[in-house]
Ligand SMILES: Nc1ncnc2c1ncn2[C@@H]1O[C@H](COP(=O)(O)OP(=O)(O)OP(=O)(O)O)[C@@H](O)[C@H]1O
């Protein structure tokens, strides 16, 4: 439960709503408690005016009934009005806190580092910001509202009941706590079963989602029958969990109705016994019966509210786990970063925390301002890891990276990343227009079309964009146009080029484009970004052969470095990659 203390700061922030809510609950209950009093008085009035006596006119009886009904309706309208305001304050407060909490979690997600995202599954991150926050909201809204209502209502009702008959009060209230405990156990069981249904449902939707995404693979490997069979197994699990839940919830209502009936019988029976001794009158018995019925539901909800609070506590504990996580990479400075001379990697090593894989060992190299560095090596040799380190998405486990003599981890990360135009290996486009995808990295809002067109031209995608009906306003993503892999890659490249970056990092993004476009893009970097420094990772020698220096990586180590011609004369790893690529090119031209 202690995890819920975290929410106290929000309750304090919205104390105005909470205090007003408590006041409205009180007022609405005052009117609620007055209503059975009207019934009591009416019954007593009718009983005392001897109906068998012919002197009592029908009009007089009608007058009593109408006045009572009018008063009853008047109190119930007032009660309803304040109930409306209760919800307008407490439920509103819970929605405001839900909004604040979601924003806080999202802000924290944005601050957390690359490693955090590698350690935690996307589904889990989504759940904490949606489902867990919703469960916490149930505690802040209905949870708090029903608890306060129970306390105030029982206080008022017990106060009135004690004034009428302390002994009868004691007898009729005795079963209520027993009922609460009973209902607690039933709702505990219900919760367990409904959690199981939820988990089966999420398994089912994950299965369906994955199968829809992979439908091409399923069809091409003719695995439709297996897919249907697996779906059936999942669906049966879901059906069984749902049926079991339905059975328990079917028992829930009859149990409550039975218990309420029992309380009523006890009240009437004991009331009659007391009336025979002249301790209580008919109107008061009726008032007691109504009170018991009024108390039953709030007491019945104790079990439900308890389990709701327990669930909220578990959810808040999960949220707190992420909120308390300190980002591994924090921005140490606000000073603007300039890059004038060089980047130096000294004895750099990198071990991935989540998998324990050593990606880089004792890496030493230098990038002078304005140089083009090419990186080549087998799959898994550590090329992308070098890019992550340069962007400071990760910090090296050993050694240091210095920019103009200053440690990268002492520089303002935002300002450093602002100098970089990065194209990742796995291109990513947002479900937005092509134009917005290209201008994504720019802070200004009024970007001239000319600038967008030039970037697209340099990335060799301008002509293709003009062929779409909505051209640069074409929407991408699920409900928009779907581009080919190469087209997406070029838009990613245009996104990096439009920044006119001082430092370009291309992570194997030229492999998806043809030789002609590759040359166009490399020329664009040379001609348009004249003083920029480039770090080009590639599997293809054609992308890096004009580089000032080429680093050849193997199992996380630099095994060769130098210019294309020098590396060829070494007759080592690079020459062997070159020979293989040349051979396959020759075979392709045959
Ligand atoms: N996020 C990660 N978590 C754990 N291990 C990783 C992660 N990313 C890469 N690795 C491991 O680090 C090593 C180097 O990977 P890296 O992606 O840097 O290689 P690469 O040369 O870029 O490969 P490719 O050419 O296939 O892109 C690999 O053994 C890989 O399994």
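Glycine too: its Cβ is placed from the backbone N, Cα and C atoms.
Keep in mind it's a predicted model, so treat the numbers as computed, not measured.
These features come from TrEMBL:
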DOMAIN    19-311  domain 'ABC transmembrane type-1'
DOMAIN    343-580  domain 'ABC transporter'
TRANSMEM  17-39  transmembrane segment
TRANSMEM  59-85  transmembrane segment
TRANSMEM  144-162  transmembrane segment
TRANSMEM  168-186  transmembrane segment
TRANSMEM  251-273  transmembrane segment
TRANSMEM  285-309  transmembrane segment
Within-chain partners of the transmembrane segment (17-39) [C-beta distance under 8 Å, separation at least 6 from its ends]:
11, 68, 71-72, 75-76, 78-83, 85-86, 89-90, 92-93, 96, 144-145, 148-149, 152-153, 156-157, 160, 283, 286-287, 290-291, 294
Hey, would you say the transmembrane segment (168-186) packs against the transmembrane segment (59-85), going by three or more CB pairs under 8 A that are 6+ residues apart?
no
Same-chain residue ranges lying at least 6 outside the transmembrane segment (59-85) that approach it to Cβ under 8 Å:
20, 24-25, 27-29, 31-32, 34-35, 38-39, 41-42, 45-46, 49, 51
